[in-house]
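Right, one structure below, let's go through it.
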Amino acid sequence: MSTAALITLVRSGGNQVRRRVLLSSRLLQDDRRATPTCHSSTSEPRCSRFDPDGSGSPATWDNFGIWDNRIDEPILLPPSIKYGKPIPKISLENVGCASQIGKRKENEDRFDFAQLTDEVLYFAVYDGHGGPAAADFCHTHMEKCIMDLLPKEKNLETLLTLAFLEIDKAFSSHARLSADATLLTSGTTATVALLRDGIELVVASVGDSRAILCRKGKPMKLTIDHTPERKDEKERIKKCGGFVAWNSLGQPHVNGRLAMTRSIGDLDLKTSGVIAEPETKRIKAIQYGTEDNSTAVVVPFGAWGKYKNSEINFSFSRSFASSGRWA
């Protein structure tokens, strides 16, 4: 779809467009005739105020090169003009979240979501360990840290990397000034997703809280677990002076204590190679219609249990039947 056609559509009352807008240039060009009103209808096409090719034929969304006009969400007009195709607005009303304590005495998981600006949505999961202090700190301060960086840094992958490192540094200062010595061993995973303009999805993570994108019934991995099982992570830990030991269940741990190689917090393991620098991933997430729905799932490691990505994907796809659902 041409950008010029979209701009013309917006100027011609695009804010009233829903599923099908019909316009006619002949009526617009003839000043002697009365200006017709716009119609939003799924019935037979009517005359319209303009057409994209000057042929005088009634115009619909299909005339603008859109192969699927079954868009159920409101349209983000500025991003649609920018990218040259209609982009559905993702509302926070379509965001679902839940937390269950399971068999633990204390729930150390935290989650958050917010609309940071007109263009950017924020989603986050923090799975704490060694107490909830680090997860609570991220839950309280990460959103503001990202907000402060948004005007300065346009690259969202770089922005999230800076935010993770700043939060880790701030938590370190907070813990060392505190009289509570347990803060030195408190840590958390962090998986944060930013959605800009309804189309640019960027995910950053440390630890093993996974994020996947469910698309057409198939899972797309957005994160990779940071564990000593990864050869590159294991080698990095050793080069930093740490070691990997296996417990009675055959699970590798950094210095025999931590099951992940990257986290926010865990200050007592910083000199052993446990870092807060995230790995990031950026994709375009544009969808059309309910048949091509997209669901992003961000889940702490413990919630996955024995399930594989494909099984989690199937379960969530059945639960979120509408397009643009987020969890």
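Glycine too: its Cβ is placed from the backbone N, Cα and C atoms.
In Swiss-Prot, the feature region 'Disordered' is placed on 33-55, out of the ranges 33-55, 217-239. Other Cβ atoms within 10 Å of the Cβ of SER248 (phosphoserine) number 5 in total over all chains. All protein chains considered, the CB of ASP127 (Mn(2+) 2 binding site) has 25 other CB atoms within 10 Å. Taking CA atoms as the reference points, ASP127 (Mn(2+) 2 binding site) and SER248 (phosphoserine) are 23 Å apart.
Residue density at GLY128 (Mn(2+) 1 binding site): 26 other Cβ atoms are found within 10 A of its Cβ, drawing on all protein chains shown.
Looking only at the domain 'PPM-type phosphatase' (94-327), the predicted model's pLDDT averages out at 83. In this structure, the C-alpha atom of GLY128 (Mn(2+) 1 binding site) lies 23 angstrom from that of SER248 (phosphoserine).
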